Amino acid sequence: MAFMPPTPPKSLLGRHRLLAPSASVRVSPLCLGGMSIGNAWQGGMGECTKEMAFELLDTFYDLGGNFIDTANTYQGGESEQWIGEWMAKNNRRSEMVVSTKYTMSPKTGHPIQQSNFGGTGSKSLHLSIHNSLKALQTDYVDVLYVHCWDYATEIPELMHSLNVLINQGKVLYLGISDAPAWIVTKANMYARQNGLRPFSLYQGRYSAQERDLEREIIPMCQEEGMALQPFGVLGSGLFKSPDKPDTGARRMPPPMLIGREESLSKVLDAVAKRHNVPITSVALAYVLQKAPNVFPVLGGRKPEHLKANIEALSLELTAEDVQEIEKGYDFDIGFPHKFLGFGGMIRGPQDINILTMMGHFDYVAPKKAIRPHQGELTAPQGPA
């Protein structure tokens with residue numbers, strides 16, 4: 001039998017990866033964030049006309065991207081609507097892996113009784129998925145996220161309600177965002193004990209300037225077989241080389257600011273100059289190489305920024321680069337991790353201090369991130 005070779009990828013975005021051990025769908029290594037797709041939030045995020053949005057989506061698709069993230073509240077609903085219109089216009093729904101979210105109320109400010117349009121309960125879920133499928137012009141979403149944990153819904157109600165959608169074919173995989181690790185592990189344990197689909201993805205804020213996920217979330221994802229979708233990887237657009245003037249184009253609300261953007265930019269810029277790459281490439285490569293199954297969510301409105309981010313997929317940081325970046329601010333891993341280990345993220349028994357005093361041991365190496373691809377785009381993946 002003669003096997004036809006696949007079409008060569010146009011960029012590293014077209015070398016797709018398995019999403020997670022618990023989710024075997026294949027996705028592009030970068031996910032296009034839909035928060036900036038729409039014009040309803042122009043005052044806070046800048047202008048994005050439908051023509052601009054479609055150009056960005058076309059560029060993402062043409063370069064091999066197939067993973068798009070949105071939510072029921074983004075841009076007052078325009079994000080889902082425009083993404084759905086773009087997929088329908090080009091007949092690309094089957095090629096794309098689309099995630100959306102529920103929990104935050106899309107009716108804020110409307111003169112109606114809003115009690116059940118938000119939250120993690122069954123009615124909020126029912127209303128949200130109905131409207132999301134209509135807006136996206138599809139009969140299913142690949143991933144449905146719990147957008148944030150509201151501490152109001154019991155785990156059994158949540159997991160059974162989500163799995164009703166799984167059984168109906170309206171949702172393929174489940175994700176959770178902005179929630180404590182203990183909630184996720186408790187929910188996944190309940191799901192497995194009751195023959196239900198567990199969470200396969202976690203979305204949270206993570207970057208060189210905000211490494212909180214290293215305490216509990218990243219180890220949890222690896223133990224649970226989950227992918228990590230970090231947002232804010234590029235400092236919410238505020239990682240900038242000191243050599244370049246601030247245009248003021250990015251208008252980020254104060255709650256999204258960390259306060260370390262300027263100092264971390266200097267550290268990242270020093271590494272970027274050694275590699276002769278943009279500062280954003282270093283910020284992106286750092287997150288991609290920290291753990292396996294990491295798929296950053298990248299926003300923005302300009303195709304040229306997207307193309308620059310794709311180039312980061314070929315950048316391999318050295319151990320010295322990573323150490324330099326992590327000295328950019330004093331990250332405290334906290335108790336009990338600092339008590340058990342050596343001050344960094346614990347990946348296994350090799351990182352536990354009391355064991356190192358008991359002898360010399362060999363352990364199976366922890367799972368690592370995929371190394372940046374080098375050489376021809378069609379060349380086989382190199383050794384880890």
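Every residue number used here counts from 1 along the chain in the order it is shown.
Just so you know, glycine gets a Cβ as well, placed from its N, Cα and C.
Here the structure is a predicted model, which means the values were calculated and not measured.
Counting every protein chain shown, the number of other Cβ atoms lying within 10 Å of the Cβ of TYR74 (active site, proton donor) is 25. Secondary structure from DSSP puts TYR74 (active site, proton donor) in a helix. Per Swiss-Prot, the feature active site, proton donor maps to TYR74.
Taking a C-beta cut-off of under 8 Å and a sequence gap of six or more, ASP69 (NADP(+) binding site) has these contacts in its own chain: CYS31, LEU32, GLY33, GLY34, VAL98, SER99, THR100, GLN203, GLN229, VAL297. Among the features that Swiss-Prot reports, NADP(+) binding site is placed at ASP69, SER177, ASP178, GLN203, ARG301, LYS302, PRO303, GLU304, HIS305, LEU306, LYS307, ALA308, ASN309, with the record citing similarity to another entry.
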Among ASP178, ARG301, LYS307 [binding-site residues], residue with fewest other Cβ within 10 Å: LYS307
Between TYR74 (active site, proton donor) and LYS307 (NADP(+) binding site), the C-alpha gap once rounded to whole angstrom: 23
Candidates PRO303, HIS305, ASN309: member of the binding-site residues with the richest Cβ shell (10 Å): ASN309
For ARG301 (NADP(+) binding site), the three-state class that DSSP assigns: coil
